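Enquirer: Dumping what TrEMBL says about this protein:
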- 1132-1144: compositional bias 'Polar residues' (COMPBIAS)
- Cys828-Cys855: disulfide bond (DISULFID)
- 1-123: domain 'F5/8 type C' (DOMAIN)
- 129-298: domain 'Laminin G' (DOMAIN)
- 304-449: domain 'Laminin G' (DOMAIN)
- 451-488: domain 'EGF-like' (DOMAIN)
- 487-532: domain 'Fibrinogen C-terminal' (DOMAIN)
- 690-855: domain 'Laminin G' (DOMAIN)
- 856-894: domain 'EGF-like' (DOMAIN)
- 1119-1151: region 'Disordered' (REGION)
- 1083-1108: transmembrane segment (TRANSMEM)
Amino acid sequence: MKKKSIFSPPAGAGGWSPLTSDRYQWLEVDLGERTKITAVATQGRYGSSDWLTSYLLMFSDTGHNWKQYRQEDSIGSFPGNSNADSVVQYKLQQPAVARFLRLIPLDWNPSGRIGLRLETYGCPYTSDVVSLDGSSSSSLVYRLSPGTRRTPRDVVSLKFKTVRNSGSLLHAEGDGGLSLSLELERGKLQLLLRRGSSSEPRRLASLGSLLDDQHWHHLAVERRSSHLNLTVDKHTERVQIPLSVGAVQNPDSQKQVVSKGNFRGCLENLLYNSLNLIQLVKHKDHQVKVKGNVTFSCVEPVSVAVTFPGPQSFLQLPGASASSSSGGVSVGFQFRTWNKAGLLLTFGLPQEGVNLTQSSALNDGQWHSVELNSRRGRLSITVDKEEGGGAHASPTFPINFNDGQECRNPFNVFQGCMRLLTLDNQDVDLIMVQQKELGTFSNLQIDMCGIIDRCSPSRCEHGGRCSQSWIAFHCNCSDSGYSGATCHSSVYEQSCEAYKHNGNTSGHFYIDVDGSGPIRPQLVYCNMTGDTHSLILVLRPSSLGNQHSVHFDYATEEEQLSVAISQSEHCEQELSYQCRRSRLLNTPEGSPFSWWLGGPGAGRVQTYWGGAQPGSQQCACGLQGDCVDPQHYCNCDADRMEWTEDSGLLTHKESLPVRSLVLGDIQRPGSEAAYRVGPLRCHGDKNFWNAAFFDKETSYLHFPTFHGELSADISFLFKTTASSGVFLENLGIKDFIRIELSSSTQVVFSFDVGNGPLEVRVESSVPLDDNRWHRVRAERNVKEASLRLDDLPAATQEAPADGHFHLQLNSQLFIGGTASRQKGFRGCIRSLQLNGVTLDLEERARITPGVRPGCPGHCSSYGSFCQNRGRCVERVNGFHCDCGLSAYTGVFCNTEVSASFKSGTSVSYTFKEPYELSRNSSALPSSIYSDTTLRGENVSLSFRTSQSPAVLFYCQLVLQRAPRPAHQQARQRMKNCIHLLTVHECLPAASDDLDPDLARLGSLGFTGCLSVVSFNSISPLKAALLHPDTSPVIITGPLARSNCGSSASANPYAAENTHHLSDRSGSVGSGQPLVNAIRTDSALIGGLIAVVIFVVVTGLAITARFLYRRKETYRNQEVKGVNQDDSPDFPFNNQADPQNASSENPKEYFI
């Protein structure tokens, strides 16, 4: 270890202290040779109040072109001292190799001056260097010795530095005319594949940026089998290649390859499989051939640049004015920047014409040259003259000339670098400017270019497009399927289960099985009702050989399929084989005739069939013991002439999906077979309902340390009756991350990555301790931190532009409690995911005291999804909508039950009396039998017809014997019929007293659509369509279920939607249904409602008229002395004596 001390005092010595204390002072150290610097230590000036509190470190090989040392690629400043005596040592995260070190003070003790004692630590650095001048003949060529065995791994490594942004750096030839090249293009390293010397190259990878900055950059190329690991500096990319490397050339001189020129610059420690090629050149080894001008030292051109880092930066230089004897002004310079606009220079001009030459894309970070000339009353500007720039065009900005007034600047300030400044064809010495011997300046960094490419490597994840300015970068996440400042969080749910509990119905959805992980979203069909479809392929022996094999492809990537299967609660796939003289599994020698492959990748051989157990070599009938031939375990193995079948479901998830199928016994005469492989169906999401209940504030679960150094997202659902508590906490030495319920209406996300604690808060307008599920989503990345609660707008906090951004944690992750003894959480936490990975709370809760697995009570949050009188029923994992009391069906009781009626179609519904129900208590849908006590009727229906006039409903009254006077019961029945629903024409057999108009209309029948018919809690149409065998209905004529009542059927252009992000009007997981179904025009809905109301009122009027005509008949049967309480609200007698009631005269309703 080498140690270099600057003013390390003997007794009484002081230290370095400049005369002026400002930020333009520096201390430069010449270490005498290139040294690997590993640490620096500082002290204040001895016996004084002078010390630094922060400083910058610069390194250089030549004493020019300094490079600032940065921690974590962002932090530039180092912490200094707090007094004059203590030593503060800082170990460099990445050692720096340089001869010169420069320390620049930033801040110091406000009660003193700049004062410093400095010590550096390191060791000598030795290397072999070669310099190439970039000519066509300048190269090194290395060829393998004849007969050299090819190794499974080859590595080429080197360091390079250059001032040119293009040139061929490495070239390797392979078999069949294939070759690989590493070329600099616009300061980036491109890996190119060529087929032949004249073919157009194909770019395989692009890595690095600003590699023409005349600083050393590390390059390594590792070949492993058919892929390369390409490393530039600290960033590695894996690349697949169809190539066998045979030689390394720098650059190629055997075959002239089309490129932008050879490399011009320096190479250091060029190694091929640990073989030092530069040393071989020095020793004139025959394997390495040198051509052209090659020297064994690094010759560097001196180019002094200046950086304008901020809005206060400027440089003012003296120069000749336009009125001088030369008659004009000439200015030249080069600049590079990321900003779209900025003021480059200003100078005085006479009031003359302007001639401009323009270019484009000048904010790409590349060096661009500018020449400005004012001669004889004309001004001309040329940009990038050497690269063909300078197409003449009209001025792109106005220049105003106002006598006695200053020119107003229409642009922003310039932030970037400049070099090669000339005034009137004379070079400007920027070192003299730095020493304040020429011009004036403010807030400049001289003899360095401090440009940083914030998009290399890109911090934008999942294919987000990165753009940048001088101080920040921006990610464009459009069309990526992800959102956030760095495109980190998926905009899609992770499963159909999650979509279902957002209130969505069946349709195509994008699901992202690993959330913010690397697996891309996939389009799937989420079947919320369970309908399935199968594919049937029929095989004929004439078209087959001894075996027939078929491979099945799935419209999803392998990773997506594997994760979707693993996180589902249950998966199944139908496998069926229909046969005639075609055996399936069992043979006399025990080897199967047929088999299938299933599982991950290409799959493993499976010798069991649908409905049986893995490894059993049986079919479902063998497991159940009911095969057609008891001596075999499959029906098809009986080898009979009659058609038979072996079918069943494959449910072992480790064997799914079916990848391929091989059928063997199909070549014999008379053999025929057909197979069916159904779609892969997966149900449930075991991660979505994974929950734990914390019944004490001191209880918690602990997991391994959370690793989210650069980006982290955390999402979960919670419900509680407590007003505060910590959901999650993970600590480091100084860093931490925590999410807590700070009050009954506020959630706080707090963390520290080294810049001090930062908090993001979301305030809710409703209490959060309402024992309902609430969703929390927190994200932290290098740009910002965000927190979202339910549907509320996200709260964000920007990260410091040049601050620390690595989150370094080292303790256990605490869930529901804290390591810092703060108040824990009491309640339920569910579906906890960190960076897309679900933590198994239930498994850990089973072995942890004070925590219980699972959490009941979902209807309080999701019960509103059950529509149209649907009833929410609790389940262990989730809930279920019972549609028994509803005229609708479907997962949320929102699917209309409709039927198309023809003139001869009718449905007769018989209302059962209570005593009959008591004798037969079989469990039937409540839409068939319910609410037998008639205290008032509620009728609803929807219809669509072009027929007019028509009878929509009709109520027939049949008298019954009753324990009370018949006239009382008859009158009561009549009053009930006034509001009773009877849909569609159906006349009684004896209708002598029927109104003639009603009889005439009834004879016409009804043609049209009826939907969602309900009478109180009875749904007669639903009972007839869904439960015809168990319902008291009589169907006359053709009746089939139809979607004629749905809004989609009324719109011929409506179709099933694919649910993209644009379909979603709400936030994911908000507990509210998302409006992504087809929307119909509100006017159409309003018109339909108005028509329904009109028809119902008309029907009631017709019924009332009919009842009024029959009224006199019933009056004649009334007995004097009727009680006063015999009112329209008199309840139906549901205690009728079964001995006196007539079973032959039930009450009937016709549909």
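Just so it is clear, glycine is given a Cβ too, placed from its N, Cα and C backbone atoms.
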Enquirer: Out of 1-123, 451-488, 690-855, 856-894, which stretch has the largest tally of CB pairs under 8 angstroms to the domain 'Laminin G' (129-298)?
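Expert: Most Cβ pairs under 8 Å with the domain 'Laminin G' (129-298) come from 451-488.
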Enquirer: Note down the number of other Cβ atoms within 10 Å of the Cβ of Cys828 (disulfide bond), including every protein chain shown.
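Expert: Around Cys828 (disulfide bond), other Cβ atoms within 10 Å: 23.
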Enquirer: Averaged over the whole of the domain 'Laminin G' (129-298), what is the pLDDT?
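Expert: Overall, the domain 'Laminin G' (129-298) comes to a mean pLDDT of 82.
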Enquirer: Where DSSP helix means H, G or I and strand means E or B, what are the helix, strand and coil counts for the domain 'EGF-like' (451-488)?
Expert: 0 helix, 10 strand, 28 coil
Enquirer: What are the sequence-distant neighbours of Cys855 (disulfide bond), meaning same chain, six or more residues apart, C-beta distance under 8 angstroms?
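Expert: The list for Cys855 (disulfide bond) reads Ala691, Ala692, Phe693, Lys719, Cys828, Arg830, given in order along the sequence.
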Enquirer: How do the residues of the domain 'F5/8 type C' (1-123) split into helix, strand and coil according to DSSP?
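Expert: Counting residues by DSSP class gives 0 helix, 68 strand, 55 coil.
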